[in-house]
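Novice: Right, I'll just put the structure down here and ask away after.
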Amino acid sequence: MGLLFALGSVVLVSAAQLLLKWAMIQLPDISQLPQFLSSLSQFPLPTAALFLGLLAYALSMLCWLLALKRLPLSRAYPLLSLSYLLVWLAALWLPGLNEVFRWGKLAGAGLIVSGLLLICWPAAKTR
């Protein structure tokens, strides 16, 4: 059950990143705070994405706390690196996020997967 909570946290935090990125592309620059706040009512879809992203972050934290209760930290924490892969792949695939494929990023993703496998692979039983 702890693994499900950890993976749920990864999926939710990845969705949060994508929603927040898309919302911030659509909305005015946040450094102009009065304009940004007044524009929230004028852009219902980006505003909904912004608040859904924040909600996804909160739910991700709840799942993470439940995962930590049930899993050793050495097993749970490496799973967070999956969010880097999910966000990168989804940002390449989803329209409007303006991500560009680069071979170096693919190599980095491969290193993340390799590291995750090295950390999480069950140790061989010794006799």
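Quick reminder: no glycine exception, Cβ is built from N, Cα and C everywhere.
So Swiss-Prot lists these for the protein:
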TOPO_DOM  24-47  topological domain 'Periplasmic'
TOPO_DOM  69-76  topological domain 'Cytoplasmic'
TOPO_DOM  98-102  topological domain 'Periplasmic'
TOPO_DOM  124-127  topological domain 'Cytoplasmic'
TRANSMEM  3-23  transmembrane segment
TRANSMEM  48-68  transmembrane segment
TRANSMEM  77-97  transmembrane segment
TRANSMEM  103-123  transmembrane segment
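Help me picture where these features are in the structure shown.
Specialist: On the 0 to 100 pLDDT scale, the model's mean across the topological domain 'Periplasmic' (24-47) is 91.
Residues 1-3, 5-6, 119-120 of the same chain lie 6 or more positions beyond the ends of the topological domain 'Cytoplasmic' (69-76) yet place their CB under 8 Å from a CB of it.
Sequence-distant contacts of the topological domain 'Periplasmic' (98-102) (same chain, six or more residues past either end, CB-CB distance under 8 Å): 25, 88, 91-92.
Within its own chain, the transmembrane segment (3-23) is flanked in space by residues 46-47, 49-50, 52-54, 56-57, 59-61, 63-64, 66-67, 70-71, 76, 79-80, 82-83, 86-87, 90-91, 94, 96-97, which lie at least six positions past its ends and keep a Cβ under 8 Å from the stretch.
Sequence-remote contacts of a segment are chain residues at least 6 beyond its ends whose Cβ falls under 8 Å from one of its Cβ atoms, and for the transmembrane segment (48-68) they are 2-3, 5-6, 8-10, 12-13, 15-20, 22-24, 26-27, 40, 76.
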Novice: Tally of helix, strand and coil residues over the topological domain 'Cytoplasmic' (69-76) according to DSSP?
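Specialist: The counts are 6 helix, 0 strand, 2 coil.
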Novice: Within the same chain, where does the topological domain 'Periplasmic' (24-47) have neighbours whose Cβ lies under 8 angstroms from its own Cβ atoms, ignoring anything closer than 6 residues to its ends? I mean 6 or more beyond.
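Specialist: That would be 96-98.
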